[in-house]
Amino acid sequence: MWVLLFCLVMASCQYSLLKSVQPDPASPIHGHNQIITYSRPIYFCVLCGLILLLDTGAKARHPPTYVVYGLKLFSPRSLQSARDLLIVFLYCFPAISLLGLFPQIDTFCVYLLEQIDMLFFGGSAVSGMTSAVYSVARSAASAALLHVLCFSAVKEPWSTQHIPALFSAFCGLLVALSYHLSRQSSDPSVLLSFIHCRLLPKFLHQNLEELAADPLPKKMKGSVKDILKSDLIICSVAAVLSFAISASTVFLSLRPFLSVVLFALAGSVGFVTHYMLPQLRKHHPWMWISHPVLKNKEYQQREVRDIAHLMWFERLYVWLQCFEKYILYPAIILNALTIDAFSISNYRRLGTHWDIFLMIVAGMKLLRTSFCNPAHQFIHVSFTAIFFHFDYKDLSESFLLDFFMVSIFSIFFIFIC
């Protein structure tokens, strides 16, 4: 019976290659197109490939087993359960396709790459397939470069009195790359056009003729040029400062006192910056005060005729944001990176390459998020420190990995709520 049902599922996927199916309402392109013909067969092939891969892993005699947060990963039982779940999902394939729950295959790929870049590398939203591939490739190339440098630094055991220069260089490069990537757009068209204008004179001549009719591309290229010049200066300064701080062994000498001070400072500064000051500036703070506590100079005026006066609490808000974005959170992450790297050099939990990969991905994602969207970071830091220190201390892997997982699951929690 199950073999017959599998044959029916396979026949329905093959039939879509012979006769065009109805367009999927979840995809951005409506009407007949060539891609939708191959969507269902590609889904079927991918699911069957995953089932065969999981079946091979479940039947392995001596599979590698890793324990993370008390869960055994890649154990035969977990692989077998995942395989059975995919088989049931495959048998439901015709009903799912009939209801239009599968997006077009290119839409699915764009969404998958976008989520990978956002959740694991700290990227931003994308605008299409080219943008998605560019964003993931850019983040993966940066991670690969950092992996080579970090592996050379942690392959031999450390002492608390000396940090290898390669690891300090890795910290400087990580901060500089994270800052640069956090300021770059996911759409490569403007950057590629700027590079073509610099390298190809003929393309520049054609581009100047087009700019005579439309001035917007010129302004966009000018903004890209200014961002690159600014990044060149700031990234160089950030790399040198990060190298110097990491090489000073301050993170290893003052542990765990320094971590406690940084966590408390992050919680207090974030609470004041992102909760207290915005609430005190509202028309009805906490919905029980009739007037703003922090009022602008023009609050009592019916009509403002002059330039608005910059208040002290507005200056304080900007300075606190700059402090937590460019000093506090990079210090917290560099402290966690140094402690993790010291542990990896002396003890391998998942293997050297896997430990380094997780450390680099977590550090890059947290730094990029801190630079471009620090509003919720103080909640993540406070929750991670309290939850894994008082409630589930035995399940904690390391603060860096705990912080990384909390930042991912908080997105799903906010989306569900």
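Every residue, even glycine, has its Cβ placed from backbone N, Cα and C.
Packing against the signal peptide (1-18) from elsewhere in the chain are residues 37-41, 43-44, 90-91, 93-94, 97: each is 6 or more residues past its ends and has a CB under 8 Å from a CB in it. Here TrEMBL flags 1-18 as signal peptide.
Feature annotation from TrEMBL assigns transmembrane segment to 34-54 (among others).
Positions annotated as transmembrane segment by TrEMBL: 85-105 (among others).
Residues or ranges marked as transmembrane segment in TrEMBL: 125-151 (among others).
Remote same-chain residues near the transmembrane segment (163-181) are listed as 122-123, 138-139, 142, 145-146, 149-150, 152-154, 231, 234-236, 238-247, 249, 252, 330, 334, 337-338, 341, 360, 363-364, 367-368, 371 (criterion: CB distance under 8 Å, separation of at least six residues from the stretch ends). Residues or ranges marked as transmembrane segment in TrEMBL: 163-181 (among others).
The transmembrane segment annotation in TrEMBL covers 227-245 (among others). Away from its own ends, the transmembrane segment (227-245) comes close to residues 168-169, 171-177, 179-180, 183-184, 330-331, 334 of its chain (Cβ-Cβ under 8 Å, at least six residues beyond either end).
Feature annotation from TrEMBL assigns transmembrane segment to 257-277 (among others).
Proximity of distant same-chain residues to the transmembrane segment (326-344), defined by a Cβ-Cβ separation under 8 Å and at least 6 residues beyond the stretch ends, is recorded for 150, 153-154, 158, 160, 163, 167, 171, 174-175, 238, 242, 245-246, 251-252, 255, 258-259, 262-263, 265-266, 269, 352, 355-356, 359, 363, 366-367, 370-371, 374, 377, 381, 398-401, 403. What TrEMBL records for 326-344 (among others) is transmembrane segment.
Annotated transmembrane segment per TrEMBL: 356-379 (among others), in sequence order. When Cβ-Cβ distances below 8 Å are used as the criterion, the transmembrane segment (356-379) is approached by residues 119-124, 139, 142-143, 146-147, 150-151, 154, 174-175, 177-179, 181-183, 266-267, 269-271, 273-274, 321, 324-326, 329-330, 333, 336-337, 340-341, 344, 350, 400-401, 403-404, 407, 410 of the same chain, each at least six residues removed from its ends.
Per TrEMBL, the feature transmembrane segment maps to 399-416 (among others).
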Counting only residues at least 6 beyond its ends, the same-chain positions whose CB falls under 8 A of a CB in the transmembrane segment (399-416) are 69, 119-120, 259, 333, 336-337, 339-340, 358-359, 361-363, 365-366, 369, 376-377, 379-381, 383-385, 387-388
